[in-house]
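Written below as structure tokens is the structure these notes are about.
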């Protein structure tokens, strides 16, 4: 090939790589396939909507999965989405605001799910939606504001549900509707104004319902006769003498009511609020009672007029954002004896009438900032029998009317001064059964309880030893002293993690510091020292430098460095990370792995090196990683593995070598026997060379078939010569012209940009 040809090829490759680099930030969700602006995740048995959907997505296929809930954050930021396919899942709940960001949405399919109710104003942000399929669900009612905001809908399918109530005005905004299917439901009555505002309606199906043809439905007969091409086969199901008659054929005089009903000819569709009661619960007198029903999540779309919700003795784990915000009249909320471990900061937002909140007997460890903000009417707050280990100083700042606060039986070691200052009406407080450290930082509490003898449960000190088991309210102030160790411990336990300074551009929640998707090229300074999980994925790292940052993070257990551009890890980069047990380096640009890269990771159990460019695994690549149990080298460019490469991984129980182009020559013979003996490999890594072994599992190849015949002696683990002996090399240019060569010379540098082979004796293209 001529020099010009190679230069052209080099330029083309550079251009392709440039384009790929620009596309890379639009990562495709795991398991899904992406093409252009289409993301296809159908039929993958997904239980939740996958994360990291590219922001430029215009079509998203999620049909045929096992998704049960659509949260308000699942589609956040997808402002270009036009087509959303959610049919054939198990969706029973859609949170308010779930489609708020979908400003360009045109088609939405939710058919064949388990929807019983959907929130009012769900489609408020989808002004361009023109096709909506909700058929084959279990929808019972269509509330008045169901389609508010979706003014452009032309095709609405609601057939094969259990609809028995359509509130007056439910379809009022749909003036451009052309297709409406309501067949195969439980509809008995419709208000006279239901369809009068649809001048473009050309397809209308109402058959197979329970229409009761009394005086209130006489209007429908006239309406259908005026439109002979729509509403075909719409029949009466009652009264008995009209059963089976086509509504359009029944005469006006036959639509009769009892004497008592005659005076109410102008029938108005009833409120559907009675139908908003979850199937497992009972609803009466504005009380929703769901006690002991095995619920795993908060029921949604309850009657907005409720004043009390009883959800105790269930298996609820998470209280999502705005879970109760629609219920402005709520006065009492009981969530005791569940499994709650996660509370959204705005879980109780807007509950200005709430006076009783019961949360005892759960697994709450921390109260998010602003959790009780705006609860000005609250008088009773029971947080006992949880695992709360810290209180923010402003946790109760709006609870001016609180009478009783129970923090009994938690994990509090200290309470910051001023935490109870806003509780002007407090009469009773329970603080016992907490492991209080009675040092100088808790002196204020003793003074507070001396002045305000409201603590009635007998709160006692656990440490230091000199004050152990003594009642806090009875200890003299001078006894509360700090030694160095106690001072450090109490300072840590008295602060909640989210209150501490978070690095710029990062997000901090609990012990997780999330610095992903911020275009970072180095690890931020001042990572909180109690960080347990550090997320640095989806950034611009090229080299992981040895800065000593991990020496300052004694609690660190997991580091995520996936989806960067890392080509090298400096020796000592992980120095000090002795407690880390999981590192994710998936989707980077590492070409080799050396033991010096992982120095300091004595406790590492999981090492993910998927989707890099590794070509060789040497016999010292993983030296010092004796605790590693899971090692993934999936989807690299590995052609060979040096004997003994995994010998130092004494704890290894899972090894993934799939999707690599293994060259099954004499250098790989040892691996087949090793795989058969160890039985720890995932799947069946296969040979790709030589040709007669292509796609055969390595462990199935006979030892005598691992040969280096016919010039197949490549070993990517051997040091590469700088230049073939037959050629001359200058920088990245290799000249082998007019050398009488019959085969391609060995030892051509991997970084070659120009290769001259003209004037030789090749009979086949090398």
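For all residues, glycine too, the Cβ spot is worked out from N, Cα and C.
Values in this document were obtained by computation on a predicted structure and should not be read as measured data.
Pulled from Swiss-Prot, these are the features on record:
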type	residues	note
REPEAT	56-77	repeat 'LRR 1'
CARBOHYD	66	N-linked glycosylation site
REPEAT	80-101	repeat 'LRR 2'
REPEAT	128-149	repeat 'LRR 4'
REPEAT	176-197	repeat 'LRR 6'
CARBOHYD	186	N-linked glycosylation site
DOMAIN	209-259	domain 'LRRCT 1'
DISULFID	281-290	disulfide bond
REPEAT	329-350	repeat 'LRR 8'
REPEAT	353-374	repeat 'LRR 9'
REPEAT	401-422	repeat 'LRR 11'
DOMAIN	434-484	domain 'LRRCT 2'
DISULFID	438-461	disulfide bond
DISULFID	440-482	disulfide bond
DOMAIN	493-529	domain 'LRRNT 3'
DISULFID	502-508	disulfide bond
DISULFID	506-515	disulfide bond
REPEAT	530-551	repeat 'LRR 12'
REPEAT	555-576	repeat 'LRR 13'
CARBOHYD	560	N-linked glycosylation site
REPEAT	579-600	repeat 'LRR 14'
REPEAT	603-624	repeat 'LRR 15'
CARBOHYD	619	N-linked glycosylation site
REPEAT	627-648	repeat 'LRR 16'
DOMAIN	660-710	domain 'LRRCT 3'
DISULFID	664-687	disulfide bond
DISULFID	666-708	disulfide bond
DISULFID	723-729	disulfide bond
DISULFID	727-736	disulfide bond
Those disulfide-bonded residues listed as 281, 438, 482, 729, and which of them has the most Cβ atoms within 10 Å of its own Cβ:
438
Which disulfide-bonded residues from the set 664, 687, 729 come within 10 angstroms of residue 736 (disulfide bond), judged by C-alpha positions?
729
With every protein chain in view, what's the tally of Cβ atoms within 10 Å of the Cβ of residue 515 (disulfide bond), excluding that atom itself?
23
For the disulfide-bonded residues listed here (666, 687, 727, 736), which one has the lowest count of neighbouring CB atoms within 10 Å of its own CB?
666
For residue 560 (N-linked glycosylation site) and residue 515 (disulfide bond), determine the Cα separation and express it in whole Å.
10
Recorded positions 66, 461, 664, 687, 708, 723: which have a Cα within 10 Å of residue 508 (disulfide bond)?
none
Integer Å distance between the CA atoms belonging to residue 664 (disulfide bond) and residue 506 (disulfide bond):
46
I want to check the contact list for residue 664 (disulfide bond): same chain, sequence separation of six or more, C-beta distance under 8 angstroms. What comes out?
672, 687, 689, 690, 693, 696, 698, 701, 705, 706
Same-chain residues at least 6 beyond the ends of the repeat 'LRR 8' (329-350) whose Cβ lies under 8 Å from its Cβ atoms:
286, 304-323, 356-365, 367-375, 377, 382
Rounded distance in angstrom between the Cα atoms of residue 723 (disulfide bond) and residue 708 (disulfide bond):
22
DSSP-derived helix, strand and coil totals, residue by residue, for the repeat 'LRR 14' (579-600):
4 helix, 4 strand, 14 coil
Most Cβ neighbours within 10 Å: which of the glycosylation sites 66, 560 is it?
560
Cα-to-Cα gap, residue 440 (disulfide bond) vs residue 708 (disulfide bond), nearest whole Å:
75
Intrachain C-beta neighbours of residue 186 (N-linked glycosylation site), sequence separation six or more, cut-off 8 angstroms:
162, 163, 164, 209, 210
Please spell out the DSSP helix, strand and coil residue counts for the repeat 'LRR 12' (530-551).
3 helix, 5 strand, 14 coil
